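First comes the structure, then the notes that go with it.
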Ligand code: SF4
């Protein structure tokens, strides 16, 4: 007779701590999905030609309208301290706002070069607000690649936005705030489910437009849609919001647990969630069943990249029967990930931080069926005969919720399918 599966316990020996060379994109990458989400915002990177090239190549193929981002290039004179970079920023912003009167929020985004020359963008934002507020609000955050990973750009952006949220009235009834940029179609699906469950007021951060920024206060119940929002959660907690611990809405189990956490905070039982979500869960089951034969029993190795690794590993292991060789993550937020960690199989090897050479050695020794890693590692590993999945695609693609569970499984199945066909 089978007993219950042994439960993962986060013991010190479960986590390898790595502090070596890193291979990740910087936080500027977040602009690629954030500029599509916030329809009256503009992201002005104060950086180098390298920063401009990164954004162009990451976002270039996805631009269908005039982009809502650009780069104010710091040239040699700025970097040598010969020109006043603040005057330059003022000039670029004045030109931009004259050309684009639709902009309501302007983010000055710091980069490695602006950090190295210690350009004070908070001061620049304050000065510019004196001229352009309230029609336009100027905020700043850093997307620099120094000590950050690519999803932290979104965290820094949303944390900056928290200061802009109006205060909820002390007597305001409880409301739900979902934090994390979701594609509009996914946001609409989750919004419909949450309201069908009976949650009266649901808001999302970031809002699509500046005028839709939700109020926040002690009546706010905070549900994270992404696992990489430590600073945003801290900023919202400082405004009085109460975090609801929950698994993340990836796959059927994660989405159900996430909805149940929201429902419980409003006194609604799991039986309501079960009834409301049954059709969507059945559709998701059918979609997952198509991918399970290819994925079940395959061994997967996660390099640390997006901070989505732990929830995705849980999804692949529990809903698709994959074996976890190693689950690397840049940062392991023990509190936000607690419900996810409890769902990992006993003995799962986690690693936190990166030492790319050591991880490559472990990966080559293990010869997993699938490696989830950044673009820089994928090509060399493919050349060695390993099958890879680009982790950045998991952030660019709609993957949350029931309706996307099959697509999420498909992202992992596709490289294995391709490898099988090539071998045949
Ligand atoms: Fe490169 Fe730093 Fe610019 Fe990112 S912010 S593109 S890591 S120079």
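Glycine residues also receive a Cβ, built from the backbone N, Cα and C atoms like all the rest.
What TrEMBL records for 26, 51, 112 is [4Fe-4S] cluster binding site. According to TrEMBL, the feature domain 'Nitrogenase/oxidoreductase component 1' maps to 26-409.
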Fewest-neighbour residue among binding-site residues, criterion Cβ within 10 Å, set 26, 51, 112: 112
Model confidence over the domain 'Nitrogenase/oxidoreductase component 1' (26-409) (mean pLDDT, whole number): 93
Shell of the [4Fe-4S] cluster site beyond 26, 51, 112, same chain only (C-beta within 8 angstroms of their C-beta centre): 27, 28, 47, 48, 50, 54, 111, 113, 143, 144, 145
Three-class DSSP secondary structure - residue 51 ([4Fe-4S] cluster binding site): helix
